[in-house]
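Copied over from TrEMBL, here are the features:
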type	residues	note
DOMAIN	A:17-251	domain 'MacB-like periplasmic core'
TRANSMEM	A:276-309	transmembrane segment
DOMAIN	A:286-406	domain 'ABC3 transporter permease C-terminal'
TRANSMEM	A:330-354	transmembrane segment
TRANSMEM	A:374-397	transmembrane segment
TRANSMEM	A:427-447	transmembrane segment
TRANSMEM	A:453-473	transmembrane segment
DOMAIN	A:507-703	domain 'MacB-like periplasmic core'
TRANSMEM	A:511-533	transmembrane segment
TRANSMEM	A:732-758	transmembrane segment
DOMAIN	A:737-851	domain 'ABC3 transporter permease C-terminal'
TRANSMEM	A:781-807	transmembrane segment
TRANSMEM	A:819-842	transmembrane segment
Amino acid sequence: MFRLTWRNLLARKVRLLMSALAIVLGIGFLAGVLTFSSGLGKTFDGIIEGTNADAQAQPAGSNSWQQIGAGDTLTISPDDVAELAALPEVAQADGTIDSQALYIADTDGNLVGGGGAPTISFNRTDTPNLLGDPIMELTEGRWPEADDEIALDPSAADRAGYEVGDDVTVFPPGAVGFGSAADEQPPTTTLRLVGLAGFAGGGGTAGSTLVTFSTSGAQAMFLDGQDVFTKVALTAAEGVSQQELVDAADAVLPDGYEAVTGDELVDQQQNAIGEFLGFISIFLGVFAVIAVIVGGFIIANTFSILVAQRVRELALLRALGASRKQVRRSVLVEATMMAVIGSTLGLFVGLGLARGLASLFGSFGLEINSDVLNLSPTTVAAAYAVGIVVTLVSAYLPARRASKVAPVAAMREDTATTEGSLRRRTLIGAVLLVIGAGIALAGVVGAPGNDAVWIGVGAVIWVLTVAAISAVLGRPVLVACRALFTRVFGTTGRLAGDNAIRNPRRTGATASALMIGLTLVSAVGVLAASMSATLDDVVDDQFTADFLVQSPVFAAFNPAIARQMSQVDGVEVVSQQQGYLGLVEDDVEPSFIFGTDAAFSEIYDLPMVDGSPTFTGDQTLINESTADKYDVGVGDTLTIRFPGDNDVDVTVSGISEDNEVAGAINVPFSVLRKGEIKRSDISLSINLADGADKAAVGKELKALVADFPIVAVQDKQEFADSLKGQINQLLYMVYGLLALSIVIAIIGIVNTLSLSVIERTREIGLLRAVGLSRRRLRRMVTLESVTISVMGAVLGLALGLVIGVLLQRSLRDDLTALAIPLTSLVTFLLVAVVFGVLAAIVPAIRASRMKVLDAIATE
Amino acid sequence: MSERPTGEAARGVAASAHDLVKTYGSEEAEVRALDGVTVDLMKGEFTAIMGPSGSGKSTLMHCLAALDTPTSGDAVVDGTGLAGLKDKALTTLRREKVGFVFQAFNLIPTLTARENILLPLDLAGRKVDQAWFDAVIDAVGLRDRLSHRPSEMSGGQQQRVACARALVSQPSIVFADEPTGNLDSTSSAEVLGFLRRSVDEFGQTIVMVTHDPVAASYTDRILFLADGRIVDELRDPDRDAILAKMAGLQDLATAKAAG
């Protein structure tokens with residue numbers, strides 16, 4: 001039996017390859033995602049482990065903070081550093097200054113790494129890392145010495161187009177270095193690039209830009225030239241453990257500072273990054289799973305057709321004495337071999353895909369060294385396991401059907417298997433659809449737990465059920481296509497429509513593969529359109545300012561910009577918004593503390609629940625959710641802990657409804673001052689005087705920051721558009737990832753059509769004999785293909801529409817508007833038609849090349 | 001062709017072969033399926049091509065019917081030489097000038113009997129001559145089967161549908177390749193009777209390949225093929241004469257094989 005199976009495989013090389021292609025792509029995607037995720041993890045692990053010293057002295061509690069540009073003000077003096085260095089446990093103590101508040105312009109004046117990975121500036125020290133190796137490595141030039149000299153990491157220098165010796169334009173941190181209010185233009189500073197220095201070991205920077213200053217240069221740039229440091233990197237003396245080092249350091253550290261072991265820092269950083277990496281892996285993994293499932297459909301369908309075409313051969317085997325089990329096994333062995341070949345090829349495809357993804361992420365600023373993108377044993381094992389299991393599961397039903405072929409079928413003239421009744425399947429399907437609807441509706445009307453999960457479960461049941469009974473559900477689409485094609489293309493169209501209808505299961509299974517992808521496309525499309533519509537509403541409703549000034553890179557900027565803008569003719573009021581992270585009450589995770597001036601309540605009319613919308617002194621305005629979270633009302637007190645264990649008590653003066661304009665916790669600037677936060681603006685809201693020419697004022701405001709790409713001036717519409725742009729970017733990414741499962745579905749159409757064409761050889765010959773030209777024969781195959789793809793598209797888009805609408809309903813508290821992206825849906829339908837045409841190219845050419853005589857000659 | 005052919009024997013040639021040669025295979029193992037066949041097939045005649053297996057009778061028909069291209073020589077159908085015609089022209093010629101009845105698999109399974117019959121006209125985009133359609137349908141006796149699909153009809157009925165399809169476009173010539181090969185004797189008689197009548201009543205030209213002497217006895221003229229050549233001919237044959245000729249051919253072949 002085994003030999004026969006092997007012969008079968010060899011005899012059908014092309015068919016085998018086509019079917020295996022579905023596995024190759026599905027497994028390729030999976031392996032690619034796994035490889036990419038682990039490469040991403042390794043890149044970050046390498047950076048984290050390679051860049052931490054044995055221990056670090058830092059402002060107390062700063063583990064939980066993220067740098068957002070406006071630095072804390074706590075510093076440590078060189079005397080303190082010297083005291084640390086003198087400890088017997090300490091081999092080396094280096095005062096450090098680091099900041100993410102500086103940005104670099106490339107040679108065209110654009111931000112380097114805009115919006116993606118951070119730009120990290122620090123002073124040059126020779127502190128060794130945990131392993132005793134140097135952290136930084138100079139690859140070209142020399143280390144910076146003068147205050148206006150810097151080194152850049154090689155990749156950033158390359159991206160920005162700078163070479164050693166060039167002048168580099170930088171945007172200094174917001175709170176310093178900005179000229180007086182009289183300055184016409186926000187200044188940029190020029191620094192000289194004297195060397196290229198990156199993390200030692202060449203492990204890459206994950207897209208971050210590294211800027212190395214001399215110590216005095218960093219002090220001049222970030223600490224107004226004071227001879228102080230923000231942190232101290234500690235290296236343990238011979239034989240001293242990290243904990244002993246920390247204990248010794250803590251004894252001499254000034255108030256507000258604490259020492260933390262290197263291991264703990266590594267853990268903290270890995271945890272923080274792990275969450276982000278986990279999200280990426282899951283996000284990509286979902287699409288890989290979808291691709292594999294779609295691939296499974298294709299495999300199941302291909303095997304069904306192959307078995308149907310081999311009925312006589314199988315019957316002959318049975319007549320010659322093969323047992324049912326042997327017949328079934330021969331099909332399953334064939335499937336296994338296909339899975340092994342497909343998975344092997346898939347692994348290589350995956351490796352290529354991982355490299356492709358890496359370069360895609362690289363273009364977004366997150367660079368991954370391709371050295372770490374290797375197939376791990378886990379990935380290889382997972383790929384083979386998934387490939388084989390999915391293929392065997394998919395091939396099982398066809399194999400069982402093959403084993404049921406009666407020996408007498410070998411003797412029958414008419415070998416075309418008639419498809420069994422779909423009634424039972426339809427009945428069960430209908431019941432399942434109702435159950436799915438029930439579960440989804442439960443989600444909409446508010447069953448316990450997460451509504452979206454209820455709907456998700458219902459949706460999965462729906463998709464699988466529709467896929468199983470698509471032969472029945474899709475029939476109206478097929479009939480409509482046939483009618484349309486008959487009308488437009490006459491007999492050719494009629495024959496094509498009939499061909500699509502004659503094997504409902506085959507057509508249904510082929511279309512289902514496409515349906516799955518398009519269901520997601522349409523559901524996601526509805527959600528994205530609803531998000532955009534909701535945004536429009538929110539911006540219209542709540543953002544009552546005429547102009548907003550924000551930083552596209554979330555950088556804080558100098559308050560001088562607000563002063564300059566307030567002097568522009570036509571500007572009536574400019575409200576500054578500042579802020580920093582703080583721990584509220586006993587929280588472990590910091591919250592964003594939103595600081596505003598008095599003008600804020602002039603511009604924005606916040607819907608109030610209780611108290612007053614204005615706040616001064618030690619007062620705070622919080623939103624409803626925050627009031628519920630901390631169980632406070634107007635008059636109650638909240639404690640906010642700023643970095644350096646600066647506690648500030650604030651009294652709740654008002655509670656607003658949840659909104660998008662103000663923060664969860666809003667305080668006047670005086671509170672931030674008490675918290676000793678180095679303040680700079682994160683956004684400005686501007687209202688114009690009555691009768692001011694909005695366009696002219698907008699032009700002038702934009703001109704003010706034209707050379708300052710970390711700040712953007714937007715009117716309401718531009719603001720809404722930029723937010724919608726982000727939604728669309730995500731949407732296109734999802735579409736891009738779904739594209740692969742759609743490509744697999746198209747391969748499925750090619751496969752089905754090719755097999756159908758072979759099966760209908762004699763019929764095609766007859767048609768050619770009685771006068772069907774080659775061109776019309778190709779058209780006939782193409783129209784059949786289009787019918788299949790349109791059926792898949794219509795079912796998928798309709799189902800996705802329903803799911804999308806239900807999801808929007810369940811999320812209606814946040815996603816208030818429902819929008820249906822009709823244009824997109826129609827576009828997808830047209831795209832499906834195009835895909836149908838493309839899928840038919842090869843089978844159509846094959847059909848038209850068949851010799852008329854081969855086709856009609858009796859055996 | 002506005003004028004319907006009458007029952008009178010029409011003069012002239014419907015199709016002809018001129019020194020047709022068809023070889024298969026490479027030089028060493030060359031098989032000459034046709035070895036210089038020259039013949040005229042007359043209009044309004046029912047001609048049978050007979051011969052042992054491998055005599056080239058099907059190949060001759062395929063070459064005449066524009067289904068296959070000869071190695072050399074030319075076939076002419078209704079005045080049109082086939083040599084050098086492109087696939088498109090051949091397709092059109094088959095559609096316009098030729099009707100086919102095959103041994104098996106004559107009908108498109110997705111189409112009803114009526115649709116199958118009208119298929120060549122539909123493909124050509126021609127209007128149905130309703131009176132002619134009715135005449136053909138009545139002649140084959142299928143009026144009550146028109147809306148049936150092939151799977152709902154007997155083999156004989158299917159072959160009669162195929163005959164109707166071959167006639168309905170009023171081709172210059174109908175080629176039938178063992179049309180009764182798969183049928184029982186009653187059905188065979190029905191189909192052959194119908195073909196005979198379409199020659200007698202409608203003046204249709206029919207060429208039929210067969211190795212069944214009974215079927216051949218329905219024809220006006222029999223061409224005997226052996227080893228790719230026309231070796232004999234019989235006019236207005238009866239069964240005994242046919243059997244005698246066939247036996248002679250068989251003896252010849254046996255002698256050749258032995259000698």
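Placement of Cβ uses the backbone N, Cα and C atoms for every residue, glycine included.
TrEMBL does not curate its annotations; it predicts them automatically.
Taking the domain 'MacB-like periplasmic core' (A:507-703) as a whole, pLDDT averages 86 in the prediction. By number of Cβ pairs under 8 Å, the transmembrane segment (A:511-533) is matched best by A:781-807 from the list A:427-447, A:732-758, A:781-807, A:819-842.
For the transmembrane segment (A:453-473), same-chain residues at least 6 beyond its ends with a Cβ under 8 Å from one of its own Cβ atoms are 297, 422, 425-426, 429-430, 432-433, 435-444, 447, 504-505, 507-509, 511-512, 515-516, 519, 523, 791-792, 795, 799, 802-803, 806-807, 810. For the domain 'ABC3 transporter permease C-terminal' (A:737-851), the number of residues in each DSSP class (helix H, G, I; strand E, B; coil) is 97 helix, 0 strand, 18 coil. Helix, strand and coil counts from DSSP across the domain 'ABC3 transporter permease C-terminal' (A:286-406) read 103 helix, 0 strand, 18 coil.
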